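Worksheet: the structure to be examined is printed underneath.
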Amino acid sequence: MDFLEEPIPGVGTYDDFNTIDWVREKSRDRDRHREITNKSKESTWALIHSVSDAFSGWLLMLLIGLLSGSLAGLIDISAHWMTDLKEGICTGGFWFNHEHCCWNSEHVTFEERDKCPEWNSWSQLIISTDQGAFAYIVNYFMYVLWALLFAFLAVSLVKVFAPYACGSGIPEIKTILSGFIIRGYLGKWTLVIKTITLVLAVSSGLSLGKEGPLVHVACCCGNILCHCFNKYRKNEAKRREVLSAAAAAGVSVAFGAPIGGVLFSLEEVSYYFPLKTLWRSFFAALVAAFTLRSINPFGNSRLVLFYVEFHTPWHLFELVPFIVLGIFGGLWGALFIRTNIAWCRKRKTTQLGKYPVIEVLVVTAITAILAFPNEYTRMSTSELISELFNDCGLLDSSKLCDYENYFNTSKGGELPDRPAGAGVYSAMWQLALTLILKIVITIFTFGMKIPSGLFIPSMAVGAIAGRLLGVGMEQLAYYHHDWGIFNSWCSQGADCITPGLYAMVGAAACLGGVTRMTVSLVVIMFELTGGLEYIVPLMAAAMTSKWVADALGREGIYDAHIRLNGYPFLEAKEEFSHKTLAMDVMKPRRNDPLLTVLTQDSMTVEDVETIISETTYSGFPVVVSRESQRLVGFVLRRDLIISIENARKKQDGVVSTSIIYFTEHSPPMPPYTPPTLKLRNILDLSPFTVTDLTPMEIVVDIFRKLGLRQCLVTHNGRLLGIITKKDVLKHIAQMANQDPDSILFN
């Protein structure tokens, strides 16, 4: 009797912290698709089922886009309101943020559009005045108190309900997309808690962004919605295609950049990205962006986060300062990665890691106390970047636009070169202090036990540096327009330098230095700002920052965190150049015990159960006999356990002395012997094999491109050993003079 004619629940699934078998998953999907196609010719109902199966992928993308866009809109609106709550409240309706409160006011003037009687600071509510030192102290105290409350709620919710909701989530998503299984990481609780705590963390004023965690939120939406469709619920490889598209939708709603989102998924997070996934990612990103635009969380009817309108073109000479910004971005990226990883390692290996709530509260308190006195650190990071990108116009009241001769326009109606006024010099000092605070505090913030993105803080560092350099260049051009570098293109009375453009290029450079993105970064930046004609400066800065950062360290921040956490991730960008062979890496080594194998027709249930209980291996090679060691196939530990348990329950007479057969036909048994157990259906008859003399660079390439869990090593058809993904990762670490035991998971 072959009890496996009917599929057993659980066979073909994977344990937590295990790697999926991409080859097997793809093969199963092909078989399923072939069966549906063949049946579709038999009846109308089967044809309808075939069409619905083909359409289910697009329906799933539509649902992911709608849900991701809705959640992103909710997060944006909530974060904006709660950020303003630290400074005051709207008496006309407590649910209005500062901007919307004054929009609805009839007593607001254009010059003081951020001041209206309906908006009251905490000092006005508590002591009825907004003037004097005591009022300042009250506002200061309330600002710090609200920041601590938001941060405490965020870290407490993460710690109690969803520990996986912390961090940015992109390192783990990269690992999951490569085939690793982390159960619960993309679950319902993680989605709910991450959405709530992301709003709280951003509102607390910490140096973090919501853009990276929105990728995690979108992937949670994708994973949950996959359970509504059999095609994706039962196939891990197909589910990862959906998650790749969900990551694109996440970036699309984070920045309002649908094309950049698709390229980000392709360049940065996806491991397997077929052409079909590209189209579906594009559709999901489109729907997500459309949904966010319909919600209109920024209230400006624009999808882009930092819309810019620069009136002057850039000049060829300006590529020099743009490249300087690229060098700064690369240096900052390399410095940030090294210091942040050192701090995170200290957190993991010392007592510090045992007190996440205290760590978050201390960092929040320091951030809030240092941020309040400086208007540029007090405002939210997104507002700061928006102000830094802004090109000063006639109606701007910002200190960054406090130029002399302000209202003397040139014939074309554009602003001429302007000497900086007292407000600009004051803003420069404040921005320099803001730059130092952002550089230092971001190192300690990223990696804490709260949702924390890195896109916006990195962009803020670059935007500040760029604006400082831009204003410096502008003043240099004004006072020395007769210098050789300026006189050919910058005449007296012309508007030559655009400081906002330098801020934009600096933001791209620093983000590129930290993440090592190139193509997707440039596309995200021009979608983010609408500055299409400034692609060349952005490309120059992005490439320079990548080259400089790569010269100081090959890993981007996400790859560094993957290695820090010991996830089994094979980086596709790194080349393996060492001259080792498969026999140097395989288990067992020369002096090790023999390889644990199963024979195809001579082992009892008790023998197999003993091997399972005495070992922790994920699977076992099956051979003809111990003497011949000729390979038959490979069987997974989980499938063996489930099949034997199921046979004991459902098949009469199966006992410990029953013989297990992996052959197609079992020989006739003498009477009164226990019934045999046929397990050929769970045997992988085509395991991937290499010879013992195969170079390791080819083996590494095979593991990367096919997504293998393990590979068997043979010599003249005889089984010698096995190489697992973990063995490959340990070997790569060893060759790079790193600790091979840092690869934690099986």
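Here the Cβ of each residue, glycine as well, is placed from N, Cα and C on the backbone.
Summarising the annotation, TrEMBL assigns domain 'CBS' to 586-650 (among others).
Sequence annotations record features per position, and here TrEMBL assigns domain 'CBS' to 682-742 (among others).
Among the features that TrEMBL reports, transmembrane segment is placed at 55-75 (among others). Within the same chain, residues 195, 198-199, 202, 210, 214, 217-218, 221-222, 225-226, 228-229, 231-232, 242, 245-246, 249-250, 252-254, 276, 280, 283-292, 294-297 sit at least 6 positions outside the transmembrane segment (55-75) and bring their C-beta atoms closer than 8 Å to a C-beta of that stretch.
Taken from TrEMBL, the feature transmembrane segment applies to 133-155 (among others).
Among the features that TrEMBL reports, transmembrane segment is placed at 161-182 (among others).
Annotation source TrEMBL lists transmembrane segment at 189-208 (among others).
Per TrEMBL, transmembrane segment is recorded for 242-266 (among others). Under 8 Å from some Cβ of the transmembrane segment (242-266) lie the Cβ atoms of residues 57, 60-61, 64-65, 68-69, 72-73, 173, 176-177, 186, 210-212, 214-219, 221-223, 226, 232, 272-273, 277-278, 280-289, 291-293, 302-305, 455, 517, 519-520, 523-525, 527-528, all in the same chain and six or more residues away from its ends.
If you look up TrEMBL, you'll see 316-337 (among others) marked as transmembrane segment.
The annotation transmembrane segment is assigned in TrEMBL to 357-374 (among others). Sequence-distant contacts of the transmembrane segment (357-374) (same chain, at least 6 residues past either end, Cβ-Cβ under 8 Å): 139-140, 143-144, 147-148, 151-152, 154-156, 159, 204-207, 347, 430, 433-434, 437, 441, 444-445, 448-450.
Taken from TrEMBL, the feature transmembrane segment covers 427-447 (among others).
The annotation transmembrane segment is assigned in TrEMBL to 454-473 (among others).
Long-range contacts of the transmembrane segment (501-526) within its own chain (CB-CB distance under 8 A, at least 6 residues past either end) are made by residues 251, 255, 257, 259-261, 263-264, 266-268, 308, 310, 314, 321-322, 325-326, 328-334, 336-337, 385, 388-389, 391, 454-455, 458-467, 469-470, 473, 532, 534-535, 537-539, 541-546, 548-550, 555-558. Sequence annotations record features per position, and here TrEMBL assigns transmembrane segment to 501-526 (among others).
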Fill in the blank from the handout: Under 8 Å Cβ-Cβ from the transmembrane segment (189-208), and at least six residues away from its ends along the same chain, one finds 71, 74-75, 78-79, 82-83, 85-86, 143, 146-148, 150-151, 153-155, 157-158, 161-162, 164-165, 169, 214, 216-217, 220-221, 224, 363-364, 367-368, 371, 378, 380-381, 437-438, 441-442, 445-446, 450-454, 456-457, 460
Handout entry: Intrachain neighbours beyond the transmembrane segment (454-473), with Cβ under 8 angstroms and 6 or more residues off its ends
Key = 168, 207-212, 254-255, 318, 321, 324-325, 328-329, 332-333, 336, 381-382, 384-385, 388-389, 400, 420, 424, 428, 431-432, 434-435, 438-439, 442, 445-446, 497-511, 513-515, 557
Handout entry: Helix, strand and coil totals (DSSP H, G, I; E, B; other) for the domain 'CBS' (586-650)
Key = 24 helix, 17 strand, 24 coil
